[in-house]
Structure formats: structure tokens, C-alpha cells
Amino acid sequence: MTRYIFVTGGVVSSLGKGIASASLAAILEARGLKVTMLKLDPYINVDPGTMSPFQHGEVFVTHDGAETDLDLGHYERFIRTTMTQNNNFTTGRVYEHVLRKERRGDYLGATIQVIPHITDEIKRRIIKGAGDADVALVEIGGTVGDIESQPFLEAIRQLRVEVGSKRAMLMHLTLVPYIATAGETKTKPTQHSVKELRSIGLQPDVLICRSDHPVDVSSRRKIALFTNVEERAVISLEDVDTIYKIPAVLHAQGLDDFVVERFGLQCNGADLSEWEKVVDAKLNPEHEVTIAMVGKYMELLDAYKSLIEAMSHAGITNRTKVNLRYIDSEDIENQGTALLEGVDAILVPGGFGLRGVEGKITAVQYARENKVPYLGICLGMQVAVIEFARNVLGWKDANSTEFDRASGHPVVGLITEWEDATGAVEVRTEASDLGGTMRLGAQECLLEAGSKVHDCYGKDVIVERHRHRYEVNNNLLPQIIEAGLKISGRSSDAALVEVVEAPDHPWFVACQFHPEFTSTPRDGHPLFSGFVKAALAQHQKKA
């Protein structure tokens, strides 16, 4: 039977519940347990798919095509379990389902209330998402005390009672601030946060004390006394120089032993050797490169969370320190390509909307003409095709219909029909809703032998995740190919362009899919690894 660890946060937001939860999950997995994770988001949106990157950060796409919270990216990077649409749900999705049932008459005329109807649906989804895992860690978004979180907290209170204390525990993250003038950490915010939890019937079993300084034994003893938590279960988690140290930090304080004993699980000791290798490669690089990342959401780098981590993983794989130079594409429009000078490679990620697109196209032109290694992702592939059409074919009005519907050479256009991962045909028009209407999830891609992308993957067929509604226009493709642009990857039915490569260039690859969603610190990703190798070769050539 599945054991549940419910994870909440208090005092302030952004304490790192997702990373702390994923780190504990990684230790339990290293002990031979089957682990999964869920994220419960209190906002009213059905999913984050249409939310601004500046508000929400990255939208992480699962293998089965769900648009989810970026924490699911942390989960997949720390454990081997593949997340699905069942691993993330929101208040909006819960209410949508309950209201649909009410409209069908499933409740037989009952008055629909938060308790029991909404809380029952939350519990049902938690149990379904946990599946047959030995341990399921369930993270509740937001901060204890928020109005939005109350139905979720009530649901886990009920579920703890229903499954019993041997199968459910509560882990609470809290802030223990260090006051420099006093030279000590303060426990009062933690005491008040736990008091808030207890007022709604939830007693934490574990406290993770986040701080920029070690939380000393005296402070931990005081916290244990006033919160009714065992002293051994009050864990100090200070800031670290790489998040991949955290499993070892939690293991050293016996957190996994406490969990295993509490649940009565029989399992092996934790083998963290893989994480030790990751940390060693991260902190002891043998080489160094600088890569320009040209995007449009640079004010909130969480919008590119998986991509930034994927570049870090590629550095780990190549024993190379990867310095990312974050460049707003609008700055290139205003200041020119001087911002790109001296870099070893250029990366253009995905995005939506007209703003900053011309700056991205300029960055592509700089990379192509100056033989600088280039990797384009999603929109980064589309602007590569636009740049090639404008500056090689001479189609000066070439564009995407996303940005200019009147373009005389719409080399990129809306996908109106395609097959999804199940083989079902999806149809879209300009009038379709924005939410949940993109080409989403894992799709097969056929690679051309002898291409650079084939050299990276070392296989003929790959599976990568997608999130886009525009594609290269097949009607103009023959002229583009004739001018020299190489199509090195196509969809499984050969109908859609998935990867392009520039001719006469040391390393210029652009893909329609999002390889960052499947990169992990232990395994890296072949495309990013190949990109960093190309950047390293460029750096050594300049030296």
C-alpha cells in the first residue's frame, strides 16, 4: 500500500518545497523504493498553459502532453519516475470536474459544497496520482494561511485520518531567518507557522528549516519543543552551491531513516554514489565556455528553468563550466550584435508573440554568418528558417503567420492538422481556444543519417516532447531545401519538419521540440551535450 508524505510551506513562498521534496524522493528511490510525486496548485486556472511566463515561470510538458507546473521538472530531474497529467492538478481543474458532474446530474440534486464534494475530488486525484508507488510525496502549492490552499489542506487532513498514521505524514518547510546584528537564527516565525497548521488540524511530523546559515542544535531543540515535533525530525537545510547536494544533506541528517522507520518499510540503505558523481563533475570542471542565451523573458529566468538546468547537465557531462550570458532579444534590436561578440555559442529558446522576434532573427544571422555554434529550440527553429529565407533565398518579407498574417512568404504557419501520440487526428484553426490546443507531449522524430543531430543521438528514431502551434510551411519547403537548408528530422509520418541544419557551418542545429524537458543531471541529454562540445571546440579554436 502507498505511503503518503504531504509537503507544505510556511512563513514565505519560494522556500524550495519542490526541490526539497524531490531530494527526499531521490534518497528514497536510492533505497530501492518506488517513488512518485504530485503537485497540487491552488490557483483557479485549469492549467498553467495560458499563464504569462512572467507570473508563473516555465510550463513543464509531460510525456503524455500535460501542461504543468515547473516543479514537475524538478521531480523528473531528481527521480526516474516519468510524470503524467495525473501528477499535477489545480483548483480550477477540480472545480471544472465537479461542476461537469453536477451538470450531468451525478450528484442527484445535492447541494454542491467545498466539503465534501471538492475535498473528495482532491482526495480521489491524490490516490489516483499516487498509483502503485511505495511512497508518494504530495506537494501543496502556496503558503499555509492562504485562502486558496484551504480545500487542499482540509483534504489532506481527511486523507491522513482515513489511511492512518502508519501511511501518512506531514513535512513542513519553514523559514528560520538569521539576524546578522544579533548573530543568531530566529525560531518564532516557524513556531507561528506550525501554530497556523495546527489550527486547521494538521500536526507536522517533519520540519525542514530553510536558512542561509546552519540552524544550530540549540535552535532545533527549541523548535522541536514548541512545535511538538521530534528533535531528530527537525532538519536544517541551508543554502548550497548546487541543488544536487541536497539529497546528501538530508541523508546526512537521517531524514530518510526517520521516514522509513515511521512507515515500517523494509528496504536497503541509500546508495547516493550517482549524486556524488554529479556534484563532483559540477563543482570540479576541467573546461569553461560562454554561451549567449537570447530570449524574451529574461526578467524571470524561471521561464527557462528546464533549459538552464539542461545546459548545466551538459556541462556536467562534458566536465565543463557553462557560463550563460542572458541577453534580452529586444536589446539586440536596440543595440545590435555587439552583445554577442566573444561568445562560444548562441542558444535561442522558445517563446510566443511578436515582441523581441527581430532580435532573435538577428542573433540567428550572426551565428550563421560568423560560424558560431547555434542551437534553436521551438521558436528558435522557426526564426532560423525565417532568417534563412530572408538572407539566403532573398525573401525579405519572409515571416511566420503568428507575427504577420499578410506576409508574402509565410515560411512558418499554424498547424491545422496532425496526429497526436495516440494516433488520433487533431484539428486546429485560428479561432481555436488558446488553452490546451497546441501540439503537446511526446512525439516520434525520424533523423537523417549523417546529420549532426543523428551524430548526437546515435539513433534513427527519437522521442521528444512538443509544445507549439506553428510549424514550417510545407508549401514553401521545396525552395528552402533547394537553397541549402537541410531537413535532418521529420515527424513519424514525415509531414512536419522537426529539425533543420544550416549548410557549411561547424554546428548549426535547430529543433521544433523541447529536449530540455527530458534532460537529467545523471544522464544529461545528447543534443545539449553535443552543443556544449561544439561550444568547447569553438572556444579552443579562438584560444
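Every residue gets a Cβ built from N, Cα and C, even glycine.
Taken from Swiss-Prot, the feature active site, nucleophile covers Cys378, and the record attributes it to sequence analysis. Residues annotated as active site in Swiss-Prot: His514, Glu516. Per Swiss-Prot, the feature CTP binding site maps to Ser13, Asp146, Ile147, Glu148, Lys186, Thr187, Lys188, Pro189, Thr190, Gln191, Lys222; the stated evidence is sequence analysis. As annotated by Swiss-Prot, UTP binding site applies to Ser13, Lys186, Thr187, Lys188, Pro189, Thr190, Gln191, Lys222. If you look up Swiss-Prot, you'll see Ser14, Leu15, Gly16, Lys17, Gly18, Ile19, Asp71 marked as ATP binding site, on the strength of sequence analysis. Taken from Swiss-Prot, the feature Mg(2+) binding site covers Asp71, Glu139, and the record attributes it to sequence analysis. As annotated by Swiss-Prot, L-glutamine binding site applies to Gly351, Leu379, Gly380, Met381, Gln382, Glu402, Arg469, with the evidence given as sequence analysis. Look at Swiss-Prot and you will find 1-265 tagged as region 'Amidoligase domain'.
In this structure, the CA atom of Gly16 (ATP binding site) is 36 Å away from the CA atom of Glu402 (L-glutamine binding site).
Put plainly, the recorded positions Lys17, Lys186, Lys222, Arg469, His514 were compared by Cβ crowding within 10 Å, and the winner is Lys17. Taking a C-beta cut-off of under 8 Å and a sequence gap of six or more, Thr187 (UTP binding site) has these contacts in its own chain: Val176, Ser219, Lys222, Ile223, Phe226. Between the binding-site residues Asp71, Glu139, Glu402, the minimum number of other C-beta atoms within 10 Å of a residue's C-beta occurs at Glu402. Across the binding-site residues listed here (Ile147, Lys188, Gly351), the residue whose Cβ sits among the most other Cβ atoms within 10 Å is Gly351. On the 0 to 100 pLDDT scale, the region 'Amidoligase domain' (1-265) averages 95 in this prediction. Comparing the Cα of Lys186 (CTP binding site) with the Cα of every entry in Ser14, Gly18, Glu402, His514, these being the recorded positions, the smallest distance points to Ser14. Here Glu402 (L-glutamine binding site) is positioned 34 angstrom away from Ser14 (ATP binding site), judged by their C-alpha atoms.
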